[in-house]
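Input: a single structure, listed below in structure tokens.
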Amino acid sequence: MGFFAEDRNIFREEWGQQQNTEKHGNGFSSEENQGGTSPENNLKLHKAVKKSIPLYVGLTTGFCGSFTSFSSFMGDVFLALSNDLPNPNTGSILPRNGGYGFMAVVAIILYTISLSLSSLGFGAHLAVALDHFTPTLPFIVTRRIIDRSMVVLGFGCWLGAVFLAIWPPDRHNGIDQNWRGRAVFATVFAPLGCLLRYYVSLFLNARIPAFPLGTFTVNMLGTMILGMCFDLKHAASVVAVPASTTAFSVGRLTGCQVLNGVLDGFCGCTTTVSTWIAELYSLELRHAYRYGLLTIGLALSFLVVIMGSMRWTVGFAVPVC
């Protein structure tokens, strides 16, 4: 995200208006600099125009936004609070007091935000360092070939994922249907979440410049859906394994796999950390603190109500997948 936001070469031809190839150190042509506009204004204008290019939107909002998941991040925060976060070093979760639970919550929040901000800055610095080596994509290639082919490939790949979910390759293996639970259902639901995030942000983000309402809305919505699906996945009366038996039906397994697809695919692509961090980085300090604290505080409050009401009453059962 930081690399694409700061890069000046990949989309230098923009919508085909810039045909000059002689560049200075600032990444723009000599004729542009002789036209009376400063390099700072040229860079600001280039960043604004770049946000309207489909390939740039696909790489930043599509790939980077879907690759990072705010709902999973907040889910880990709640599991750390309730001492249910799996420990890779031990087979069981060790008991601890409330003080260590609070420290675990703070640790996850701090290192996630710190690493994300550092990665965003590193990407921006990398774009500046590689300015003389980064190639420029020709306008004809991006607009007439890549943009048009992505329309066909995108829908075709999504349709292929739907067919794989309906007729998985290992459907004759009975209960051991791993494809759908691990990847296919998530691939089916992922584009829906990504498109929802894009259009909600497009409609709401510009309404309050100091508080990106669109990103905030989809992060809250995805977090709430994740909490509800997590409860259903761990409910013995729905798809989890009852404590009295270890046997389960194919219907429970399929239901658990669908919930996994919603958790990883829809919620993971509806919510985003990369865009959220980029917005925090671009806002004024007081607006950034207000936006960040309200986002984390409200999302964690939702999960405490949704997941906590089940965790601290009947408890979480073991899911079948």
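Each Cβ is built from the backbone N, Cα and C atoms, and glycine gets one as well.
Predicted automatically and left uncurated, TrEMBL annotations should be read as such.
According to TrEMBL:
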COMPBIAS  14-25  compositional bias 'Basic and acidic residues'
COMPBIAS  27-41  compositional bias 'Polar residues'
REGION    14-42  region 'Disordered'
TRANSMEM  53-81  transmembrane segment
TRANSMEM  101-128  transmembrane segment
TRANSMEM  149-167  transmembrane segment
TRANSMEM  179-200  transmembrane segment
TRANSMEM  291-310  transmembrane segment
Using a cut-off of under 8 Å between C-beta atoms, tell me which stretch among 101-128, 179-200, 291-310 contacts the transmembrane segment (149-167) the most. 179-200
For the transmembrane segment (291-310), name the stretch out of 53-81, 101-128, 179-200 with the most CB-CB pairs under 8 Å. 53-81
Six or more residues beyond either end and a Cβ under 8 Å away: which residues meet both conditions relative to the transmembrane segment (179-200)? 57, 61-62, 65-66, 154, 158, 161-162, 164-165, 168-170, 214-215, 217-218, 222, 253-254, 256-258, 260-262, 264-272, 321
